[in-house]
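What follows is a set of notes on a single structure, which appears directly below.
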Amino acid sequence: MEKMEEKKRIVLVPVPAQRHVTPMMQLGTALNMKGFSITVVEGQFNKVSSSQNFPGFQFVTIPDTESLPESVLERLGPVEFLFEINKTSEASFKDCIRQSLLQQGNDIACIIYDEYMYFCGAAAKEFNLPSVIFSTQSATNQVSRCVLRKLSAEKFLVDMEDPEVQETLVENLHPLRYKDLPTSGVGPLDRLFELCREIVNKRTASAVIINTVRCLESSSLKRLQHELGIPVYALGPLHITVSAASSLLEEDRSCVEWLNKQKPRSVVYISLGSVVQMETKEVLEMARGLFNSNQPFLWVIRPGSIAGSEWIESLPEEVIKMVSERGYIVKWAPQIEVLGHPAVGGFWSHCGWNSTLESIVEGVPMICRPFHGEQKLNALCLESIWRIGFQVQGKVERGGVERAVKRLIVDEEGADMRERALVLKENLKASVRNGGSSYNALEEIVNLM
């Protein structure tokens, strides 16, 4: 590593996934603007586009991670993949920090690591370096992990066979019920609960930073600080604190030109994130329902997101023609710009936390189609607490798709949701202005370091 300027350096360790890398790089940009140099430690298989988007950052690759190619995620599943990363990366990360300290002197102000990269805690302890945990998910999701870590997987499975237990409210997490806890779609429960215990273990960390906003999750933030016993800083929405291009996927900006030709608040934007896969039959039902709604739509279909297909070549030609009459399909969109476009009236989303925050910041109400884990928690909050969206559950069929789009874009109920979303939009934007809760939290973090 080259000798850097005489200013304190922060080491960032993100999870190798779009939804984690994006807010971590936004955090790095915010701290860089406060005078810190930024070093990003990444694996061989999760390269961030450093030369293009972050020329002022230093990027270091952990050695010996070639044994964990991306295909391992598909084979192991998310929980076991994270265990494997933490097992194989601890020693090489320590070597990385040791080499850095030898070459550049004791200029590391702090190691900030994604909550899933908890192997960093051992290096922070060994070299007596301050560390801070960063969560890219909601505070409510964090609190739910505090609940799960105290449970027995075997007993939980038995208890959840009782419908009454399923509907029981989780203490201090209203309206969350036990059946809403993020346990689905991630593999065996015993390993999930073990991972929750590792994540919630603060080790030697002096604080937790969360990409959320106090006005959205004040009760969960208070509960989390009580559970962890260290300061919890709500620093979001990070994407409006800074403007940092950090997408790992190439964005198709042609859709903005298409949006320019549409009427205000008429378009439904559909994007189910960077991971979700759908069956061809579901995509066909979705396409017909969108067409029948008589509303223009912008639809993100990632390559590989239709099971068994490279992209949309498996769809019948008449469906492609039908979609092109009323809609526009891209492989990936500049989502923040799309949501802020005056033509967009609603967002059909998987309810990942980044997408949820980005939609609220633009005052766009949502159709919630969560698939697993924390997405279901976010959808519950959108529907039952903030009341700026509604869930569509069960089998995807054209009639349900058509009704959902009309409910959001055309009906009075959708207009009411939009009004509430616009109020939240102003609250979130106020949080990052001088004197706002997130603005003040960033100042406190800088002083902490």
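The backbone N, Cα and C atoms fix where each Cβ goes, and this holds for glycine too.
Source: prediction; values computed, not measured.
Copied from Swiss-Prot, the annotated features are:
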BINDING   S274, 333-335, 350-358, 372-375  UDP-alpha-D-glucose binding site
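Overlay of Swiss-Prot feature records on the structure.
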residue : record                           : DSSP (3 states)
Q335    : UDP-alpha-D-glucose binding site : helix
G352    : UDP-alpha-D-glucose binding site : coil
E358    : UDP-alpha-D-glucose binding site : helix
E374    : UDP-alpha-D-glucose binding site : helix
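In sequence order, P237, H239, Q335, I336, L339 are the residues near E358 (UDP-alpha-D-glucose binding site), counting only same-chain partners six or more apart with C-beta under 8 A. All protein chains shown were included, and the count of other CB atoms within 10 Å of the CB of G352 (UDP-alpha-D-glucose binding site) stands at 25. The 10 Å shell around the Cβ of Q335 (UDP-alpha-D-glucose binding site) contains 22 further Cβ atoms across the protein chains shown.
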